[in-house]
Structures are given as C-alpha cells and as structure tokens.
Amino acid sequence: MLGSPPDMGKPYRPKDHYFQKAKQEGLRARSAFKVDELIKRFPMVKKGHVVLDLGAAPGGFLQILADAVGPKGRVIGVDIVAIRPFSQPFVQTAVLDVLADDFDAKLTELHAGPFDAVISDMAPKTSGIKATDEARSLRLAGKALELAAARGRPGSSFVAKVFMGRDFEDFRNQIRALFEEVKVVRPEATRGASMEVYLVGLRRRAPEAPEAN
C-alpha cells in the first residue's frame, strides 16, 4: 500500500481487532478484510478473471483476490515497494510507480490483454494538510480510473480508495460516465478515524464505436 496511515488527531493503533484477526488467519494485512467484503457484496471477481491490484503491498488484497480468481485466473499486483513473492504461479508482482511515464509500457509487458477488474488501494504519503492529501489521493485514483478505461474489458469492474473531499463528487461522476453503477462503500475494517472510502464501479460500459466519415 502506498504511503502511510493518515493522522486524524487520534493515536494510531495497528494492533486492533482486524490486525489480530489477520494475523490469526495468516493474512498479510488487515486490509484483506476490506477487499473480501467488497467482492462478497458485489459480483466483481470470479474464477478465471484477470485482476490488476494497484498499491498491492504487503499483499493482503492479493491473497483474497488469488482465492477468488483461482488457478485459471491471474492477479497482477504492483506497488512502489517490493511485495513478498507468492507461491501461486498465477499471482505476479512488480515494483512499479503508476505515476511514472513508463508505467503503461511496463504494465503491458506484464499483461497485454484486458482486465476483468482494476482494484486500487493506493494512498499517498500524508502531509497532514487535508486539501493536499485529498488532491494526492484523487491523483492516484484518477490514474487507476485511466487504466480501467483503457484496459478494462466491457462489463469489468473498478475499485479505488479515495479520501473524501471537495472534488469527490466530480470524481464519482467520472466513474459514472464509464460504469453502469457506482457505489460508495466504507468497509467495516476501515479504522474509525480514517477519511477513506472506496468507490466501486460496476459493469464497464462498452466503448462507443467511432462514427463513420
């Protein structure tokens, strides 16, 4: 996961209920429970699907997504920090920066085809300045949406973590333009002090065919 937990004026307690539960169940991060809730609530990820996980370190989302797609599917996880390798051959990880100029080309080297879901848990390193953190969060989410628009197959799904702020509605409308249905979800595993929510886009609209001259 990119960045660090936002400071909302309350002590940061990493060893909470979900932290302990993740440890007991062999999950790499408490965030695994967030994506588990999302894919159970919405029909986004199925056996055989190809899924892109952005901001994937340390791998909690990847563990849940790997179980969801199974060995006939594929999960690609990227982050700016290394992710401990997975034993399943259908889970691939890479150290990449989504904001780098060569990101799209490097992602295509990993997988040239379309994705059934683009899921982003990316978050910026927070500054403590609310407006700045919101803008940085939307920049990352916006890049994820660009990828979903360019690489998501018709009917595919999209998930992005964002910090709610002034431009939240504008970004939600951008998702609505691409997907038939958009949901705003705050998973139960989200820390009480966090300002994050997840925007979920369901059923990617088929791109319109260019008009004939």
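Each position is counted from 1, following the chain as shown.
For all residues, glycine too, the Cβ spot is worked out from N, Cα and C.
Features of the protein shown, as given by Swiss-Prot:
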BINDING   G59, F61, D79, D97, D121  S-adenosyl-L-methionine binding site
ACT_SITE  K161  active site, proton acceptor
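Across the fold, the C-alpha of D121 (S-adenosyl-L-methionine binding site) and the C-alpha of K161 (active site, proton acceptor) stand 5 Å from each other. Looking at D79 (S-adenosyl-L-methionine binding site) and K161 (active site, proton acceptor), their Cα atoms lie 15 Å from each other.
Here the binding residues for S-adenosyl-L-methionine are G59, F61, D79, D97, D121. Their largest Cα to Cα distance works out to 18 Å. A 10 Å cutoff on Cβ-Cβ distances gives D121 (S-adenosyl-L-methionine binding site) a total of 26 other Cβ atoms nearby, all chains included. Reported as a whole number, the C-alpha separation between K161 (active site, proton acceptor) and F61 (S-adenosyl-L-methionine binding site) equals 13 Å. Classification of F61 (S-adenosyl-L-methionine binding site) by DSSP places it within a helix. The candidate set comprises the binding-site residues D79, D97. Of these, D79 has the most other Cβ atoms within 10 Å. There are 26 other CB atoms within 10 A of the CB of K161 (active site, proton acceptor), with all protein chains counted. The binding-site residues considered are G59, F61; of these, G59 has the fewest other C-beta atoms within 10 angstroms of its C-beta. In the three-state DSSP assignment, the secondary structure recorded for K161 (active site, proton acceptor) is strand.
D79 (S-adenosyl-L-methionine binding site) falls within a strand when secondary structure is assigned with DSSP.
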